[in-house]
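K.L.:
Got a structure for you, questions after.
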Protein chains: 2
Amino acid sequence: MNSLSLSIIGFGNVGRGVAEVLYTKMPHFKKKYGINIKVVSITDTSATIWDQEAINLREAIETKNHFGSLKFWGNEYEVYKLDPMEVVKEIDADVIIDVTNDKNASKWHLEALKRGKGVVTSNKPPVVFDYKELVDLANSKNLPYLFEATVMAGTPIINLLKEEILADSVKRISGVFNGTTTFILTSIETGMTFKEALKQAQTAGIAERDPSNDLKGIDAAYKATILHHLAFYPIDFKEVHIEGIENLSEEEIREAKKEGTPFRLVATVEEGKVEIKPKKVYENGPLAVSGTSNVAVIETDLLGELMLKGSGAGIKETASGVVGDIIRAAVSIYKYL
Amino acid sequence: MNSLSLSIIGFGNVGRGVAEVLYTKMPHFKKKYGINIKVVSITDTSATIWDQEAINLREAIETKNHFGSLKFWGNEYEVYKLDPMEVVKEIDADVIIDVTNDKNASKWHLEALKRGKGVVTSNKPPVVFDYKELVDLANSKNLPYLFEATVMAGTPIINLLKEEILADSVKRISGVFNGTTTFILTSIETGMTFKEALKQAQTAGIAERDPSNDLKGIDAAYKATILHHLAFYPIDFKEVHIEGIENLSEEEIREAKKEGTPFRLVATVEEGKVEIKPKKVYENGPLAVSGTSNVAVIETDLLGELMLKGSGAGIKETASGVVGDIIRAAVSIYKYL
């Protein structure tokens, strides 16, 4: 059985989640899909560990968990100073897995594709800002460029739009794509102040230390833009209308809830139009999600309304999307091996 | 551009819906997918019309609508006495589209696959009873055997289980897959008798003249069995536990609704187990669908709960599934043309 070799770039929560799923479920994947996958390098902000034979993922996860950094990888192994671009250029791998949040990662993706490597990513900015260039290059070289985990974690909204409902023309997608704002809004609804709600979200690991991307609607706008690229055509992020939840007052939020139409940060995607805006939604309607649930309501000419709801965050849930794409890449590349 | 040629078997509501979508959206499909599709024969219970150059679908639909039967197809055309098996054997086509309800259609499907033809079907019994034989044969000959429209019309539950969530292991699928029973239950909840509710459903074209397959849970059991085949392994239909709604009393139905837990005909699919049973569901929970909406809640190891909700019936909605599969077949067969 041929092996598909991976370079993992980024070893935070998502990277470790991906390694954990690969480690735990590899025997299952071998049996079910007839593929074999090995990780030949992992890069965190401190170092790159590299073993062309295959890295022991269990040991890599434990090193990171116990020592906080891959540079403490055991004595018998080599630790390298390679940064992500050097990894792409110097390490022999079939597919690059970008699970960082690096805004300038497009250049790694482009370099990888130029060198005949596939790309799987959970990192939004490259897909938002350089979609056409990346996808065109990947298509011209018959390489996978996959990004299921960028929207709704592993809930398969991306591949549903790409591979399913092929006879339908999408008219509109409405959705709630940011769990942090939902969490904060629902906490305020039950009586907390904005500050308390934010703090609770941060303590629970839902909001980041700098929560502005979530609160200002940027994160939701990234996701909605990616859906527009897919459902219609690549749109310029500058054209996206973005309004976050930071200007809602606590009173407004509680009042709306009392009236049975709580606020949610709603994304609307139509041909040529992407809008992020706090909107009052019906309490029993599809958009009134809670917790870190995300939902997409897809309206098409034939199916009418199609609703996909699932986790929009979480380590295992995001790993589901990344590893699903790795399997998809393996199956497609195997045809040519 | 090569053409993919189709033989359509069955020209009731679904068959005409498929013809309508193919006719209306073909320019769009050509542009979007680079494929060309022509229908070379259509078979109804009275006759087969056949034109190797391509049938004018508009005229075929109008003939059927105005005269009730394809045997009245215009003078300048040939009308043939071919039955479905003869169509499969004698007409040159790349893919057979079975949109009948014929319980013995497996033999056409097998014959088509043996002759190197792909199969797209909305007809449940062949997929329920002969799944393994059909899929094994199709795989061994690298031919498409596609059946998205058998469950939840065009709502892409089948292809989601086949092509998405590749890293996940399904633990359970719960769902409501029969719109007729939902319609009747909700009508009874609002005060109608069982008889009145059934009559209304029949008048609205939701229930068939012989509604026993719906009321006894057979239709839902067919669908749940297909999901079991896909999510786990081919299961014997005899092992399926089936309980319909016909033994519920009107009082029970209304009482349950009053308590906030209305009855729905719920399907539960777990490894080695398929069960159809009227169950009380939470009014605001995912299974409390209304109208002809269907819903599937898929529980997996990584994603937790994933919910897919959409139309489970309707002409356009079913055509969406069949035509989506035709496009999928065209794209896969084009690689070999």
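Positions of Cβ are set from backbone N, Cα and C atoms, glycine also.
Sharing the record's features from TrEMBL:
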ACT_SITE  A:Lys223  active site, proton donor
BINDING   A:Gly10, A:Phe11, A:Gly12, A:Asn13, A:Val14, A:Gly15  NADP(+) binding site
BINDING   A:Thr100, A:Lys124  NADPH binding site
BINDING   A:Glu208  L-homoserine binding site
DOMAIN    A:10-147  domain 'Aspartate/homoserine dehydrogenase NAD-binding'
DOMAIN    A:156-327  domain 'Homoserine dehydrogenase catalytic'
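Set these features in their place in the structure for me.
P.N.:
In sequence order, A:Lys124, A:Thr150, A:Val151, A:Met152, A:Phe177, A:Asn178, A:Ala267 constitute the residues six or more apart from A:Lys223 (active site, proton donor) in its chain with CB-CB distances below 8 Å.
Counted within 10 Å of its Cβ, the other Cβ atoms near A:Gly10 (NADP(+) binding site) come to 24, all protein chains included.
In the three-state DSSP classification, A:Lys124 (NADPH binding site) falls within a helix.
Long-range Cβ contacts of A:Glu208 (L-homoserine binding site) within its own chain (separation 6+, distance under 8 Å): A:Thr180, A:Gln202, A:Asp214.
Per-residue pLDDT, averaged along the domain 'Aspartate/homoserine dehydrogenase NAD-binding' (A:10-147), amounts to 95 for this model.
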K.L.:
Cα-Cα separation of A:Asn13 (NADP(+) binding site) and A:Thr100 (NADPH binding site), in Å?
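P.N.:
About 10 Å separate the Cα atoms of these two residues.
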K.L.:
Nearest to A:Thr100 (NADPH binding site) by Cα distance: which of the binding-site residues A:Gly10, A:Val14, A:Gly15 is it?
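P.N.:
Of all the candidates listed, A:Gly10 is nearest in space.
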K.L.:
Counting every protein chain present, what is the number of Cβ atoms, excluding its own, within 10 Å of the Cβ of A:Phe11 (NADP(+) binding site)?
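P.N.:
I get 26 for this one.
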K.L.:
Starting from the Cβ centroid of A:Gly10, A:Phe11, A:Gly12, A:Asn13, A:Val14, A:Gly15, the recorded NADP(+) site, name every other residue in that chain with its Cβ within 8 Å, sequence order please.
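P.N.:
So the extra residues in range turn out to be A:Arg16, A:Gly17, A:Val18, A:Asp44, A:Val99, A:Thr100.
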K.L.:
How many other Cβ atoms sit within 10 Å of the Cβ of A:Gly12 (NADP(+) binding site)?
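P.N.:
A 10 Å sphere around the Cβ of A:Gly12 (NADP(+) binding site) contains 14 other Cβ atoms.
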K.L.:
With every protein chain in view, what's the tally of Cβ atoms within 10 Å of the Cβ of A:Val14 (NADP(+) binding site), excluding that atom itself?
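P.N.:
For A:Val14 (NADP(+) binding site), the 10 Å Cβ neighbour count is 25.
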K.L.:
Long-range neighbours only, meaning 6 or more apart in sequence with Cβ under 8 Å: which ones does A:Gly15 (NADP(+) binding site) have?
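P.N.:
A:Ile8, A:Ile9, A:Ile42, A:Asp44, A:Ile97, A:Val99 - these are the non-local Cβ neighbours of A:Gly15 (NADP(+) binding site), listed in sequence order.
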